[in-house]
Amino acid sequence: MTKATKEQKSLVKNRGAELVVDCLVEQGVTHVFGIPGAKIDAVFDALQDKGPEIIVARHEQNAAFMAQAVGRLTGKPGVVLVTSGPGASNLATGLLTANTEGDPVVALAGNVIRADRLKRTHQSLDNAALFQPITKYSVEVQDVKNIPEAVTNAFRIASAGQAGAAFVSFPQDVVNEVTNTKNVRAVAAPKLGPAADDAISAAIAKIQTAKLPVVLVGMKGGRPEAIKAVRKLLKKVQLPFVETYQAAGTLSRDLEDQYFGRIGLFRNQPGDLLLEQADVVLTIGYDPIEYDPKFWNINGDRTIIHLDEIIADIDHAYQPDLELIGDIPSTINHIEHDAVKVEFAEREQKILSDLKQYMHEGEQVPADWKSDRAHPLEIVKELRNAVDDHVTVTCDIGSHAIWMSRYFRSYEPLTLMISNGMQTLGVALPWAIGASLVKPGEKVVSVSGDGGFLFSAMELETAVRLKAPIVHIVWNDSTYDMVAFQQLKKYNRTSAVDFGNIDIVKYAESFGATGLRVESPDQLADVLRQGMNAEGPVIIDVPVDYSDNINLASDKLPKEFGELMKTKAL
């Protein structure tokens, strides 16, 4: 190629829309979720020629949830693309959820032409201002030449440190403008090293001199890139541990003896009492958004070792004695495991033994249970039996989420996905769609209540169109029960929680999905098996009896439960 030809090629002109797509290709994006509109249709048009694949959703919020699932499962930003006005504003809940829960997402939206931005005109909105409080990065591109810089920085910022959402707005005339601006390359994020040696040595000393050191694994500690190192530490040092809801999957089958369940939302679990008895707590990748430290360090007297990529968010109940700041697996691997000797005295051994027994008892369906509807623990048990350890299960928010989060064992990272930062209704089905694209051909299970189901049930059409192998289980009781049982506890009555019943089987069939119903608890295993063996999307209606829900928020700590364990353990 001659010099003149090279210069001519370097001056090839493209629309801004094509430059946006070139940026996505450079970042390795495989899917873009969204809904088109006039202010952004130039980008959708360019995607037709260059990729990535467009996944048309039925609501922008759900498109953001799908992108969030991709971000959580891959560690790379999922991408959502929408138009101006309500197209952009409908992203708010999805981006807030992703940003709060540490999931990388890049959202791109159209806007009115620059000349109309300050006018009271159709769909004019200060997009960047709208998303500034709920994202890590929110900008509007005012010059076509800045597109590569804005998009590339959005990807970098969404993934860096505490991952989250980034937003870029494009006025219509900017994406339609022609330019010879070159793209910029994707720049890999710098990799952190381990924490400082002296901090690691000090942490080892505190653990070795503790009477009952406990590991609290948070969401970053339970992610695929950290899990091998975390499990190795737990196995070598034989420390008891608990998971937050979003760290589900830290547990492996050979760590069952050291595992004391998950903690979150209500302070009444075996893991809560374990932390109550601990004198040293090592937190790994823990974020206070998962479970406020005031619930597990109520007196503020625990010795806390904070191991994370970012500094601790200081709180009256969270003032670490040591901070091990660095790459999580590198820091853990830098610990000389064989040098850490932990031996529990008879008192502590008794505490652990009694807690294990209490934990086991709490996982059983009551012996005197009688109902023509399934007990929550029956559903959890049969679902666990129906799926292998690598099946991704996405969980909506509601009473069912508490039962799933506490009792559904997860043995691989990110195989139980839950929204515990914002507790956003409607995430399960869109997340399952995103997961099915990350893991093509693999069965995905999603779980919701009948309340949360209708927040995003329109995406069943998306699942059918994609022939996604999703089994969605609806725990059906015609009530916003997570609100109801808390109202009963506070006021001895409920208000504004009841709604009408729908025929979930017919709803599924109207979209071209398979609809199944569990008519009695003894059918659970067979119906779940039938659903797992079916082709394409399946919706299973499971009538549930939530009579035991009133105990979910019981105040067992620090009084009754604490006294019970005190008499047993001491």
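Using N, Cα and C of the backbone, Cβ positions are placed for all residues, glycine too.
For Glu60 (thiamine diphosphate binding site), the Cβ neighbour count at a 10 Å cut-off comes to 27, with all displayed protein chains included. What Swiss-Prot records for Glu60 is thiamine diphosphate binding site.
Here Swiss-Prot flags Gln162, 266-287, 308-327 as FAD binding site. Cβ-based neighbour count (10 Å, all protein chains) for Asp315 (FAD binding site) stands at 13.
DSSP states for the region 'Thiamine pyrophosphate binding' (399-479), grouped as helix (H, G, I), strand (E, B) and coil, give 37 helix, 17 strand, 27 coil. Look at Swiss-Prot and you will find 399-479 tagged as region 'Thiamine pyrophosphate binding'.
What Swiss-Prot records for Asp450 is Mg(2+) binding site, and it gives similarity to another entry as the kind of evidence.
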With an 8 Å cut-off on Cβ-Cβ distance and a minimum sequence separation of at least 6, pull the same-chain contacts of Asp450 (Mg(2+) binding site), or say none.
Val474, Trp475, Asn476, Asp477, Ser478, Asn501, Ile502, Ile504
In whole Å, how far is Glu60 (thiamine diphosphate binding site) from Asp321 (FAD binding site) when you measure between their Cα atoms?
44
Could you work out which of the binding-site residues (Gln162, Gln277, Thr283) has its C-beta surrounded by the smallest number of other C-beta atoms within 10 A?
Gln162
Quick one: Cα separation, Asp315 (FAD binding site) versus Glu60 (thiamine diphosphate binding site), in Å?
36
Arithmetic mean of per-residue pLDDT over the region 'Thiamine pyrophosphate binding' (399-479):
97
Would you mind reading off the Cα separation of Gln277 (FAD binding site) from Glu60 (thiamine diphosphate binding site), to the nearest angstrom?
46
Close in space, distant in sequence - Glu309 (FAD binding site), Cβ under 8 Å, 6 or more apart:
Gly161, Gln162, Leu192, Lys220, Gly285, Ile325, Gly326, Asp327, Ile328
If you skip the near sequence neighbours and keep only those at least six away, which residues in the chain come within under 8 angstroms of Gly271 (FAD binding site), Cβ to Cβ?
Val242, Glu243, Phe260, Gly261, Arg262, Ile263
